[in-house]
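One structure is given below, encoded as structure tokens.
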Amino acid sequence: MMTTLGSMAAAAGIGDIAEKVFQGQRLSREDGVRLYHADLHAVGALANWVREEKHGDLTYFNVNQHINYTNVCNKLCRFCAFQRLPGQEGAYVMKPEEVAEKIAAQLHEPVTEVHMVAGIYPKLPYEYYLDILRAAKEVRPSIHIKAFTMIELMQIARRAKKPLAEVLPELIEAGLGSCPGGGAEVFSDRVRDLGYDKKNTGTEWLDTARTVHEAGLRSNCTMLHGHIETIEERVDHHDRLRKLQDETGGFQTYIPLSFHPANTEWSHLPGPTAMDELREIAVSRLLLDNIDHIKAYWIMLSIPVAQMALSFGSDDVDGTVVEEKIYHEAGATTPQEVKRNELVQWIRDAGRIPVERDTLYNVIWSADENLARVGAAAPVATVGAS
Ligand code: V47
């Protein structure tokens with residue numbers, strides 16, 4: 001296998017990179033740039049080799065539900081179709097009771113995670129954030145709350161008038177379990193100045209993630225790709241994530257987010273093609289050698305592209321979602337929800353082994369009886385096999 005792959009990589013002009021990958025050596029920034037220009041099939045096959053070394057055929061998913069508690073936002077990001085100004089038509093802020101109602105409405109489903117991401121609305125008091133966490137936990141005490149991107153956390157600390165390191169224990173006490181990976185966009189100051197100059201800088205995002213990890217929370221990380229960023233800026237983004245991960249080990253999953261242009265100020269840009277998306281998955285698998293999981297977020301990629309991504313480096317497809325707004329406001333045509341058994345079937349149809357995980361990658365159920373063989377995080381519970 002390695003010989004065939006080595007020959008394929010050599011024919012694509014990346015034989016030396018393949019050799020480094022086989023030896024477990026770290027790729028350089030220059031290698032990263034070359035991977036963006038080399039033959040996609042060779043890059044994808046190399047990334048698939050790493051994926052199978054790490055996870056075999058295992059492919060993770062979870063039963064989750066998204067809640068976007070407000071779309072009011074003062075950051076005016078040019079790539080965003082979800083945001084509304086206060087008082088603008090369609091603007092909303094959910095009361096804590098409404099968050100609880102959304103969770104109660106899914107009590108018949110085996111949901112293990114609520115994912116909460118929203119706009120930055122400076123009028124929301126610090127107590128609001130604690131209250132929505134408590135409301136979620138009250139209605140479903142077992143639920144893991146993955147909430148608040150780094151930019152939301154910065155805003156919460158501002159409203160609390162305390163350093164984030166002092167705020168995080170209070171959020172954890174109220175129910176926070178981990179943090180999603182959004183808000184990173186592209187760390188480059190050039191791109192930020194052109195697209196989201198009211199938002200945190202890349203350095204601030206990374207510093208916040210460090211504080212989160214130091215507080216004992218895991219988080220995800222992302223990059224929003226396929227708009228005005230250059231290849232070098234993408235590689236720089238990966239390199240900065242990789243460095244922080246060396247320091248803290250706190251990132252669980254990397255999610256390349258494909259830009260969706262509809263209804264945004266950047267609607268004239270074409271957005272990435274499926275080929276771009278597969279390359280992004282593959283390159284990130286090869287560069288981010290210290291992040292265990294690469295997620296092919298099906299809502300954003302479409303189901304067929306997410307299935308293909310499982311052979312280009314990715315080992316996770318996200319979850320059942322239930323109600324998605326950020327991508328659908330920006331033109332996504334995927335469904336807003338899937339059922340657990342559909343996810344299981346898509347993963348099987350892609351030739352992989354479905355594994356239901358919780359947010360922290362403890363295994364809830366797996367179709368693989370020999371899960372321990374490939375080093376999964378926790379023992380397999382034999383529930384709900386389908
Ligand atoms: O930060 C906004 C992105 C992010 C658009 O951690 C857009 O498991 C593309 O955090 N086109 C929020 N992207 C989403 C997020 C997330 C999503 C899925 C999984 C996880 C996880 C986290 O969505 C924002 C921004 O980068 N975004 N608008 C758009 N038009």
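Each position is counted from 1, following the chain as shown.
Glycine residues also receive a Cβ, built from the backbone N, Cα and C atoms like all the rest.
What TrEMBL says about this protein:
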BINDING   CYS73, CYS77, CYS80  [4Fe-4S] cluster binding site
BINDING   PHE79, GLU185  S-adenosyl-L-methionine binding site
DOMAIN    59-292  domain 'Radical SAM core'
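A 10 Å cutoff on Cβ-Cβ distances gives PHE79 (S-adenosyl-L-methionine binding site) a total of 24 other Cβ atoms nearby, all chains included. Other than the site residues CYS73, CYS77, CYS80, same-chain residues with C-beta atoms no more than 8 angstroms from the centre of those residues' C-beta atoms, the [4Fe-4S] cluster site, are LYS75, LEU76, PHE79, PHE82, GLN83, GLY119, TYR196, LYS199. Highlighted here are the binding-site residues (CYS73, CYS77, PHE79, CYS80) whose C-beta falls below 6 Å from ligand 1: PHE79, CYS80, in sequence order. The Cβ of CYS77 ([4Fe-4S] cluster binding site) has 23 neighbouring Cβ atoms from other residues within 10 Å, across all protein chains displayed.
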